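Asker: Please see the structure below; I have some questions.
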Amino acid sequence: MKIAVLSRNRHLYSTRRLVEEGINRGHEVKVIDCLHCSMNITSADPKIHYHEEVLEDFDVVIPRIGASVTFYGTAVLRQFEMMGVFPVNESVAITRSRDKLRSLQLLARKGVGMPVTGFANKPDNVPELLKMVGGAPVVIKLLQGTQGIGVVLAETRKAAESVIEAFMGLKADILVQEFIKEAGGADIRCFVIGDKVIAAMKRQGAEGEFRSNLHRGGTASLVRITPEERRTAITAAKAMGLNVAGVDLLRSSRGPLVMEVNSSPGLEGIENATGKNVAGMIINWTEKNYKPWKTKTRGRG
């Protein structure tokens, strides 16, 4: 197969590993920076130009699109789909998962467990919003935040009101969620490929830090997940329409709660924590499921 990896940096661990595993299995692999692509959008003969070269004859595209370039990156991915190239994760599924509010609404529709979450637009609604999620402490999240940036733990009602009003004053869209104290600053990253959880790790936040993101100094370790956690992760990935996903769960007194479904999960943490060849598993799944023009939208909403 001829595989395109959409990534802005060929030296990133995840990109390197996908290239290595693709080449090891006899495939031709090319790393493409989506921001350097231009598109000829026609119904008869859609094309993508890259550094004055026309990209042709690709069988598969593996998107590794960062949150900051979601709009243009998914536009390029859609163009590949228009050309009949099989996407490991389709453009619609990625945009679903990148919209925190939309993704939570889709998960709620499927009956997936989540922290109680509130959303409002006006400062007048703040008292009702806090009451809705059970009062302080609460977690306040920017809808556009990634890697733990734009996430605040407000331990008192007064602090919560101040933070929410400040964000609203900046015209920022936010979610307010109940704080799951029993999680102890840890979460579970379940790596889903197809309809299976192929690896899982526990991420523990640094001392005094409630966010468990590895980018925020958290640590990762191998973990055994329960059948309920496995089912929840698979259901969450399917709700987004994602073939490859990192599903972040919190362990709570009422069962697993989904925090986020990541459409471009990093490979370094999960491979180091579990010792599994996750990149190879992605290529293996692609080999088994690839078909030309197999670009029909999965999932609904």
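Cβ coordinates come from backbone N, Cα and C, glycine included.
From Swiss-Prot, for reference:
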- 104-287: domain 'ATP-grasp' (DOMAIN)
- K141, E178, F179, D187, R211, S212, N213: ATP binding site (BINDING)
- D248, E260: Mn(2+) 1 binding site (BINDING)
- D248, E260: Mg(2+) 1 binding site (BINDING)
- E260, N262: Mn(2+) 2 binding site (BINDING)
- E260, N262: Mg(2+) 2 binding site (BINDING)
Asker: Within 10 Å of the Cβ of K141 (ATP binding site), how many other Cβ atoms can be counted across all chains shown?
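Answerer: By my count, 21.
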Asker: Once the DSSP letters are reduced so that anything not helix or strand counts as coil, what is K141 (ATP binding site)?
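Answerer: Assignment for K141 (ATP binding site) reads strand.
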Asker: For the C-alpha pair, I'd like the distance in angstrom between K141 (ATP binding site) and E260 (Mn(2+) 1 binding site), rounded off.
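Answerer: So the Cα of E260 (Mn(2+) 1 binding site) lies 12 Å away from that of K141 (ATP binding site).
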Asker: Can you give me the Cα-Cα distance between D248 (Mn(2+) 1 binding site) and D187 (ATP binding site) in Å, rounded to a whole number?
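Answerer: Spelling it out, the Cα of D248 (Mn(2+) 1 binding site) and the Cα of D187 (ATP binding site) are 7 Å apart.
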Asker: Sort out the sequence-distant neighbours of E178 (ATP binding site) for me: same chain, 6+ apart, CB within less than 8 Å of its CB, listed by position.
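Answerer: In sequence order, P115, V116, T117, V133, G134, V138, V139 meet the Cβ cut-off.
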Asker: Return the residue, from the listed binding-site residues D187, D248, E260, with the maximum count of other C-beta atoms within 10 angstroms of its C-beta.
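Answerer: Of the binding-site residues D187, D248, E260, the most buried by Cβ count within 10 Å is D187.
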Asker: Please report the three-state DSSP label of E260 (Mn(2+) 1 binding site).
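Answerer: The three-state answer is strand.
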